[in-house]
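Structure, as structure tokens:
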Amino acid sequence: MGTSHPAFLVLGCLLTGLSLILCQLSLPSILPNENEKVVQLNSSFSLRCFGESEVSWQYPMSEEESSDVEIRNEENNSGLFVTVLEVSSASAAHTGLYTCYYNHTQTEENELEGRHIYIYVPDPDVAFVPLGMTDYLVIVEDDDSAIIPCRTTDPETPVTLHNSEGVVPASYDSRQGFNGTFTVGPYICEATVKGKKFQTIPFNVYALKATSELDLEMEALKTVYKSGETIVVTCAVFNNEVVDLQWTYPGEVKGKGITMLEEIKVPSIKLVYTLTVPEATVKDSGDYECAARQATREVKEMKKVTISVHEKGFIEIKPTFSQLEAVNLHEVKHFVVEVRAYPPPRISWLKNNLTLIENLTEITTDVEKIQEIRYRSKLKLIRAKEEDSGHYTIVAQNEDAVKSYTFELLTQVPSSILDLVDDHHGSTGGQTVRCTAEGTPLPDIEWMICKDIKKCNNETSWTILANNVSNIITEIHSRDRSTVEGRVTFAKVEETIAVRCLAKNLLGAENRELKLVAPTLRSELTVAAAVLVLLVIVIISLIVLVVIWKQKPRYEIRWRVIESISPDGHEYIYVDPMQLPYDSRWEFPRDGLVLGRVLGSGAFGKVVEGTAYGLSRSQPVMKVAVKMLKPTARSSEKQALMSELKIMTHLGPHLNIVNLLGACTKSGPIYIITEYCFYGDLVNYLHKNRDSFLSHHPEKPKKELDIFGLNPADESTRSYVILSFENNGDYMDMKQADTTQYVPMLERKEVSKYSDIQRSLYDRPASYKKKSMLDSEVKNLLSDDNSEGLTLLDLLSFTYQVARGMEFLASKNCVHRDLAARNVLLAQGKIVKICDFGLARDIMHDSNYVSKGSTFLPVKWMAPESIFDNLYTTLSDVWSYGILLWEIFSLGGTPYPGMMVDSTFYNKIKSGYRMAKPDHATSEVYEIMVKCWNSEPEKRPSFYHLSEIVENLLPGQYKKSYEKIHLDFLKSDHPAVARMRVDSDNAYIGVTYKNEEDKLKDWEGGLDEQRLSADSGYIIPLPDIDPVPEEEDLGKRNRHSSQTSEESAIETGSSSSTFIKREDETIEDIDMMDDIGIDSSDLVEDSFL
């Protein structure tokens, strides 16, 4: 029966052609022809397969386990192919599905199509078919059913499925196992054979994410490489873990590639497959393909990328324009160049072989990356100009290649005429007109002529000048590619004619005209033109001189006096000095004054040493200082000097100010006669005595002090009459005039009767405590005894006297505005006197003064409110007093050493910067400075309190000695005091006294009242110190104005007759000075106002 089936099959196949076709499509046949068969343990069995082509078997065991399985082919007369499978000794391992199939139908992707039979081999000791270890891992897709393959060797054996929770209900098929939907975890199959229980090892169910479609992405970091570089390609699968991926690439056969897998689970599942090909060569060029297949389903996806490998880098330049380009003037145009290059190139532009300097608004370049190896560079002309013409070159270069492309750019410019001139041919009367024009393209030149000058405004009067006209020659030639010159020559011009040059090109035209004048008229025009030019030059010169004259700084008195203040405190009325009365008692006869050498000279005036005869009864001959203006002084400066005189008469006398002695205001230049101060200004005195001070204070070593700006070693060779240093100009240059300019001064012999000078020795250390001192020691502070040199107590004495002098000015509502050591003089007896020395100081060349508009300001001495808000008060003078203290205790140093007056200086002052303690100041003195430098003016001490503070630092007897000297001064017949009295009726400033003693007592009592009212605290906005104002008339700066009538030149001396009248007295006075050991030459060299 087993052999009849093939015979019938063959016979059926031969019946008709249709049957034959069906036969080709039919499956092979298996004998026995059953779906399943049970075979006894250890018995043998055989299976035969018949087919029309070659057939093969597929069975449960692997080739390693199939030693007792034999397969052979048999011949068959019917033409069929027969394959026999024989098992000699059946065991439980032989249980499974046996399949016969055609060889040509075997593929890797699909299941075999053939005939099947399932064989059972029951074994009482083996309930379940043996499995490989991988079979115990059950992979389940999301929520899909799965099979746990616990197959039995006997189809009749009952089986149950268990997990950690117990029996799991599921359908069971002895050929497959349990089929169902299982959660993740271990499962065990349990069977009972003849009362004996069998269990499998655990089946582990594992769930993998899988989708019905594959999301595959392929990426290559680069698609172009050079030999030797590493190719890297990646493929990524998203949201699927059951994937099989295969690479296909040129180097696959050689196994050159290295593959890696990376699983990324955050934020979603991603499998990244990386292919790396090191040391790439040209042969590695080609398609790189990755194919992904889902392991549990028939889902496939494929991606590919083309990689090219070059032997070395390359550059290709493809411009989108020609080598000659034109652009219209003011046109916007872009020039684009395409570049292919690897490695990435550096792209630059050149103009005329020079690196192109981009103008932010007119020409720019940029580079844009289009693709991996494609770039686009643009040259942008925003508004083309004529100078943009030239040769432009783009250069692209990398490590392996350099390529460039050059094109010429022409900016097309409308025609313009550069020049139109006529050349004369002398007496022959011939004239040539030259017309130079430029433009791109090169313009054509056309000549036109108008013979009737009066009608040349009408275009019809102009005719084109032909080339071949008798006595007229035209020619044209080009200078370069954009400039052309045309000429027309007239053999003779007998009358005035007009000639027009017309230059034109494609972009525009321009014309220009000139007149040709006959030679007879030309000479007349030349003379008229010369006169006109000369007149213009004269007018311009006058304007320049007027401007220079107006910009020249003018002399202005610094002192100001308040007349009244508004109730709200915001408006101030100042005393107009010109409105003050001038008491004729101050007038001094000119013939009683003999002028000597110049002590100080400035931009506006000078101070001259003089001898006055008859100023006081006790001193018929007195050495004085005379202020005067220069002969070139303007009326406003004469008015300012007169204002200064009236203010001095208004203030009255004080020991610590330079007192007025008299004045000459009539029949000549204005002279102001003041006290003569023997030792000169305080700065010079401190410099001169610095070595003696340092010798008395060994803890203050002699070192080079930067604040002085000089070398102490050179002091022996320096003249102290010069107040400015040549190197830095810190102090005024007191230029000495020629000694023959004035009659030499005759000195007096007697000492001052109002300065009671006692000499005694004293010496105090730099750091000291207040102690009681002998009267003689105290008096030494107010004496001319220099045997002990300059001491610290001398510095404190100077400090105290300046405070008393400023206290007096404050009591008179007078603001100084220029308090500094250069404006403090030292008289005999070491008496300090405050003055305003601006007239005789060359402030325009003095570094201490900074130009602000038409004035100069001592910025380093000024308070912040004066610098920034133009506010001047007694409290701003307190700030300057603190700077003066710094000068004194640094022995004449310049404030803020090493700092220039600039924006940095102003910012530091605003931010609260203050100078450090000078080397020779005690902590108590420095504390005074700091109080004076408070940024809030109202928190600064008054001069009254400053006097008391400094007084406490001096010996106890000092004040008594000082007050005695001051009182003696007020009782004396000193001219400054005497002229305040009226001899006829013993009245003093409008108050009548019965006798001299009552007057003096009232004066002494008034001193304390005067001190208590010293701190006025007024805030005085003075408009003439605005940092940047234009120069204004003096009358605009005050509430009232007046004009002085004193305008005259300075006389250079007094009459000889006057000198002869005083000769006897003068000789006697000189003898007296010799007796006290005063050298008259020293007085001239070391003294000034």
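Note that Cβ sites are derived from N, Cα and C of the backbone, with glycine treated the same way.
Not measured: the values here are computed from a predicted model.
Between Tyr555, Tyr754, Swiss-Prot assigns phosphotyrosine to Tyr754; no such entry appears for the others, which is not proof they lack it. The disulfide bond recorded by Swiss-Prot for Cys235 joins it to Cys290 [selected from Cys189, Cys290].
Take the candidates Cys13, Cys23, Cys100; Swiss-Prot pairs Cys49 in a disulfide bond with Cys100. As annotated in Swiss-Prot, phosphotyrosine applies, among Tyr101, Tyr574, Tyr671, to Tyr574. Checking Tyr120, Tyr720, Tyr872, Tyr926 against Swiss-Prot for the annotation phosphotyrosine singles out Tyr720. Tyr1018 is the residue among Tyr102, Tyr273, Tyr679, Tyr1018 that Swiss-Prot describes as phosphotyrosine. Note: Swiss-Prot links Cys189 through a disulfide bond to Cys150 (candidates: Cys23, Cys150).
Cβ neighbours within 10 Å of Tyr849 (phosphotyrosine), excluding its own Cβ and spanning all shown chains: 24. Secondary structure from DSSP puts Asp818 (active site, proton acceptor) in coil.
Confidence in the topological domain 'Extracellular' (24-528), given as mean pLDDT, stands at 87. Within 10 Å of the C-beta of Asp818 (active site, proton acceptor) there are 23 other C-beta atoms, taking all protein chains into account. Tyr849 (phosphotyrosine) and Asp818 (active site, proton acceptor) are 10 Å apart (CA-CA, integer value).
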